[in-house]
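Colleague: From TrEMBL, here are the annotated features:
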type     : residues : note
TRANSMEM : 87-105   : transmembrane segment
TRANSMEM : 117-137  : transmembrane segment
TRANSMEM : 149-167  : transmembrane segment
TRANSMEM : 192-212  : transmembrane segment
TRANSMEM : 233-256  : transmembrane segment
TRANSMEM : 262-282  : transmembrane segment
TRANSMEM : 378-399  : transmembrane segment
TRANSMEM : 419-442  : transmembrane segment
TRANSMEM : 463-480  : transmembrane segment
TRANSMEM : 506-532  : transmembrane segment
TRANSMEM : 544-565  : transmembrane segment
TRANSMEM : 591-611  : transmembrane segment
């Protein structure tokens with residue numbers, strides 16, 4: 001690849017011309033490390049080099065025959081683990097509020113906030129799992145350890161729901177007593193035990209979530225000509241496994257709870273996780289692994305410290321030797337290919353500024369390689385995209401609680417079948433399942449004709465489409481909630497907020513459910529693929545953790561937003577209910593939905609700004625060797 005120029009704006013044109021030549025010679029050091037890295041010029045007059053990393057077996061040794069490992073067979077063993085994890089996650093999210101309310105006798109608002117915090121912590125702490133995987137353990141061992149922790153947490157929850165000692169006395173505690181808060185409350189130690197096992201489960205999920213999608217994607221060969229097509233299909237199938245787990249949680253687990261009790265419901269989640277763990281370990285001989293590259297946080301800190309130390313050194317300094325990079329075609333970072341220099345965040349280039357005084361064996365806290373600096377640049381450039389999906393997570397979190405409360409006031413009969421209210425969140429999952437099933441036969445060919453893109457739409461276009469559809473979903477939710485509330489007041493149900501209105505079907509909620517399902521499949525699948533391909537080779541788990549952290553922050557934002565709304569809009573002394581009153585018919589859920597629509601629209605505009613400015617990485621991958629001994633290379637953008 002042609003080297004980049006670093007210019008000093010103070011120089012005149014003739015001086016700049018001479019300086020440019022000198023700078024090119026200095027920067028050329030980075031690209032002339034060995035004869036193996038130089039090849040004839042290709043498209044655009046740039047050099048193309050072999051990139052990526054070499055897959056290894058579980059012992060860290062190169063795999064002799066790649067055809068016997070990886071691929072779709074290995075990926076399907078990994079899908080099972082994610083399916084069970086999502087089944088447990090959604091099973092707890094939809095049932096734990098009800099368990100706390102009916103069995104632990106906690107107020108509904110308190111139960112909802114506790115579960116939101118659990119969901120938020122389990123996602124936001126995913127960066128820990130990503131860090132351990134990229135730094136020390138590798139993705140396989142991180143999944144193996146944390147999936148076992150997850151199983152221990154689910155087992156503890158099963159004991160909590162099964163053994164009477166862990167729950168308060170249920171005698172003389174009927175429906176009315178629960179509603180008015182007259183039942184015996186849970187003892188402090190009982191709540192402590194529940195929170196401990198619940199957060200052990202969250203800790204287990206935090207280690208699995210950032211690694212599973214990256215580990216599955218690692219099973220495909222970057223040097224393969226159809227790598228992009230395989231990767232695109234993988235992330236769609238991966239999210240399909242997530243959806244199947246969610247559907248199972250919203251149907252089978254709810255059914256087991258209604259027929260056999262809480263212990264059986266939580267026990268079914270533990271059994272499913274145990275089976276998925278066994279399946280995951282059975283597939284061990286088939287997996288391809290990537291070597292952990294050492295602590296990414298240390299490398300980031302080294303770049304920041306080195307750049308700060310040389311902040312006052314100009315690029316035109318007479319002591320300037322060049323931008324530092326190790327010789328040869330391999331990076332100094334284990335598990336990472338070299339990354340070419342870019343002009344973004346030029347202040348960070350000071351960390352790679354090699355001076356004569358640095359000597360032959362410089363400290364990494366004073367001089368970093370170009371690849372190490374580019375890793376930090378990439379992490380910074382990626383941040384705005386997942387940050388713009390936080391608002392989508394806020395909407396999804398609100399739907400989990402608000403739409404269930406709406407459904408309690410409506411008729412949930414489907415012919416002669418009465419669908420439990422807690423099963424209502426299954427419909428976004430069904431919408432996602434349908435979209436993914438039709439994606440390659442309907443959406444991809446249609447959008448390919450419109451955009452000309454090989455996959456129908458780029459990763460950022462899919463994320464943007466998802467965010468746009470989420471605005472439609474929450475706007476419809478506000479309009480329908482206004483109609484539902486007015487209907488309840490008009491027909492005398494204002495005080496009867498737990499009474500079903502027989503002439504108003506809960507299936508009107510399907511419109512907002514299906515729209516949010518469509519939004520989720522485009523935004524989240526596109527985001528996961530985007531983060532995997534754009535993240536540095538040795539930081540892909542951390543990159544995938546960005547998506548989970550955004551989801552966790554969305555849960556916390558939803559909790560904070562609810563608290564602010566309750567404190568601002570409600571006044572018990574004046575008898576004014578808040579927007580989020582427990583009596584949904586006196587509250588104003590419609591106002592909250594419209595507020596979310598406004599915030600989502602602002603967020604979408606911010607996303608468009610950053611997406612338009614973002615430049616995809618160009619990855620260079622060795623394709624093949626031709627009979628005459630020469631080597632051909634291909635280049636593709638991660639779109």
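We number each residue from 1, going along the chain as drawn.
Glycine is treated like the rest: Cβ placed from N, Cα and C.
What's the neighbourhood like for each of these?
Modeller: Among residues of the same chain six or more beyond the transmembrane segment (87-105), those with a C-beta under 8 A of the stretch's C-beta atoms are 111-112, 114-115, 118-119, 122, 150, 154, 157, 161, 167-168, 170, 173, 178, 181, 183-186, 190-191, 194, 198, 201, 205, 245-246, 248-250, 253-254, 257, 262, 265-266, 269, 272-273, 400-401, 404, 422, 425.
Same-chain residues lying 6 or more positions outside the transmembrane segment (149-167) and placing a CB less than 8 Å from one of its CB atoms are 85, 88, 92, 99, 103-104, 186, 190, 193-194, 196-205, 207-208, 261-263, 265-267, 269-270, 273-274, 277.
Note on the transmembrane segment (192-212): residues 78, 81-82, 85, 88-89, 92, 96, 100, 104, 114, 118, 121-123, 125-130, 132-133, 139, 142-143, 145-154, 156-157, 159-160, 166, 186, 238, 541-542, 544-545, 548 of its chain, located 6 or more positions outside it, place their CB under 8 angstroms from a CB of the stretch.
Within the chain carrying the transmembrane segment (233-256), a Cβ under 8 angstroms from the stretch's Cβ atoms is held by residues 75, 79-80, 82-91, 93-95, 212-213, 216-217, 220, 264-265, 268-269, 272, 420, 422-426, 429-430, 432-433, 436, 439-440, 521, 524-525, 528-529, 532, all 6 or more beyond its ends.
Here the transmembrane segment (262-282) has Cβ contacts under 8 Å with residues 77-78, 80-81, 83-85, 87-88, 91-92, 95, 99, 103, 143-144, 147-148, 150-151, 154-155, 157-158, 160-162, 248-249, 252-254, 256 of the same chain, all six or more residues outside its ends.
Listed by sequence, the residues of this chain that lie at least six past the ends of the transmembrane segment (378-399) yet keep a Cβ under 8 A from its Cβ atoms are 116, 119, 300, 339, 344-345, 425, 428, 460, 463, 466-467, 470, 473-474, 477, 512-513, 516, 519-520, 523-524, 527, 530-531, 534-536, 539, 542-543, 546-547, 549-555, 557-558, 561, 592, 596, 599-600, 603-604, 606-607, 610-611, 614, 617.
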Colleague: Mind pulling out the one from 117-137, 419-442, 506-532, 591-611 with the most Cβ pairs under 8 angstroms to the transmembrane segment (463-480)?
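Modeller: The stretch with the most contacts is 506-532.
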Colleague: Look over the recorded stretches 117-137, 506-532, 591-611 and say which has the most C-beta pairs under 8 A to the transmembrane segment (544-565).
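Modeller: Counting Cβ pairs under 8 Å, the winner is 117-137.
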Colleague: Apart from its near flanks, which chain residues at least 6 from the ends of the transmembrane segment (506-532) lie with a Cβ under 8 angstroms of it?
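Modeller: The answer is 213-214, 217, 231-232, 235-236, 238-239, 243, 382, 385-386, 389, 392, 395-396, 399, 403, 406-407, 410-412, 414, 419, 421, 424-425, 427-432, 435-436, 457, 459-463, 465-470, 472-474, 476-477, 480, 484, 540, 543-544, 546-547, 638.
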